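Colleague: Following this message is one structure expressed as structure tokens.
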């Protein structure tokens, strides 16, 4: 049964970039490589408090990729050579140095990336390992806008489908796998795939990866041991993730913005998977939320040894992104995988190879029996047939051993073995036919030999693809590998010793604080008792709050239903409201409504009707006819006649009044003429009057102290003043009464 192993997490901080130096960014990240700790300070917090995180390794801006590989990645690649699955992936925001860590520059030896170092490590181990043969195939894919593409295929834009086999697990259907024999071939495949990968420039990175890429090495190995042969299979996934982005910082628009959106969604799904794996209460892990998490399903919580390299920026303007990366990395280190050695796999090519060899051996035995039974009269032909059989048997025996030590691509292997089997059967058939007809027909040994040689040439082609043990005689290379393994083992022990020392320091601190903790133990117990009571009270309050919340929600639902009912009723009733009322315009009624907080109700406007009142038809008649009309209206109104008699009177009245001629007659000319006539009549009756309306000063007015301008500007008043002046006696003498027109 396989034991569990946590995901190993290391954090790496890059130096400040040119853009960050120009805008004056400060460093807010500090690394402690000895304690494998990383601290980050909030630039907006003036108190200077920091957040501390502990990982399996911490590397500052002066560390090299070589240090990271030798300390962390080297043991994982060694375990891949032993039959374990392995995954190395870099995580972080855009421009934090993920691709630099995974790929690295070609002209900077100490900063060569993890990927080329892993290639060198694997093929160096294959070349110097004895009694083990390897079959190595490479594949390279990318996830661009949630589409899986084969970077080494004929059509790099073709979308591939992810499937799941009940035994093999998750795989990409139609993904090309290329056999490789040395480091040059695999580096050529890597460079070819890098040219086909989607990249673009943003404000934060001139060569930003716009897709997630996964380079996979598939290894099959057969070990010749004293107790038999052991077949193992392993896979090494080298993942270069695209970075999370903020549009305000990258300035992404158009297609770049669409890419960034998909990248952020897939990374968010990866974070959800990490959280679900760490949370022991989660029963479902959302692997299917994105293509990335689907392909990394075995690497996160499955049969794989995994290393996560968290890359962060030390600049203060990237504080939020760096803190988020550290938090995800801190969660990921608690993920537990269950790696195991993949031994005696049913679908191993070497096992199928052995089965084909067994079938060929059975055919060979049958051919030997047929040759022993058959009789041949011609001595020369019999000797020739025996030589061909012995030669063929000898070569097949030698190839059998080679088949056990070599590997090749499964599809090609089946094809080659099928052709070899057909050629062998055809050769045996011709040999049998020649044996029966030797007296009458002359065999053609040269043709039979040519067919056998053709089958052997095909098998030699398979042999040329086998790798393993080529440099076992190279003492320098073997010693170099031994030194590397010894150095890796020494570093592993140092890391363990450092971890133990850290634990020892913690134990010392614990013992130092033990006395102080003992002194407050009683207080703690009392506080715990109080806490239990308070906890119960909180639970009661929470349950009460939950009940209230349910009641409130139910009330809100009922109110919403009631409100929708009123809205629908109002929509039905609205067409029935009279158009000549103020409630025909409901929006104005809403604006005019006022809430009365004391009465808890709305004060709505009164219901009003707007009527257009026309003047009566007889209003344009003269004054003399008006009383007569009024009398008729009053009479008609007060009379007790029936409705028919009243209607008959109104018809007679309308015929006499000529409503059509008087109602629509213009009133302005008539009113002007009437007013002019009245003014003339007034002037004739009262000569010297300049104003139609006159206020004469009376005794009552003088007593109240009021004078009117009519007395000052009237012509008659001026004539009276010239005849005699007003005296006090005259002023206070009551004037004779006079009537005003």
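Any Cβ shown, glycine's included, is placed from N, Cα and C.
Bear in mind that TrEMBL entries carry predicted annotations, made automatically and left uncurated.
Since this is a predicted model, take the numbers as computed values, not measurements.
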Colleague: Quick one: sort out which of 559-579, 580-600, 601-621, 622-642 is the region 'Disordered' according to TrEMBL.
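Modeller: Spelled out, TrEMBL records region 'Disordered' over residues 622-642, not the other listed ranges.
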Colleague: With a 10 Å radius around each C-beta, find which of these binding-site residues (92, 95, 97) has the fewest other C-beta atoms nearby.
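Modeller: Looking at the binding-site residues 92, 95, 97, the Cβ with the fewest others within 10 Å is that of 97.
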Colleague: Validating a neighbour-count step here. Other CB atoms within 10 A of the CB of residue 98 (ATP binding site): how many?
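Modeller: If we count other Cβ atoms within 10 Å of residue 98 (ATP binding site), we arrive at 25.
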Colleague: Please work out which residue of 94, 96, 99 has the most C-beta neighbours within 10 angstroms of its C-beta, and give that one of the binding-site residues.
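Modeller: Counting every other Cβ within 10 Å of each candidate, the maximum falls on 96.
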Colleague: Test of understanding: give the count of other CB atoms lying within 10 angstroms of the CB of residue 93 (ATP binding site).
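Modeller: So the number of other Cβ atoms within 10 Å of residue 93 (ATP binding site) is 25.
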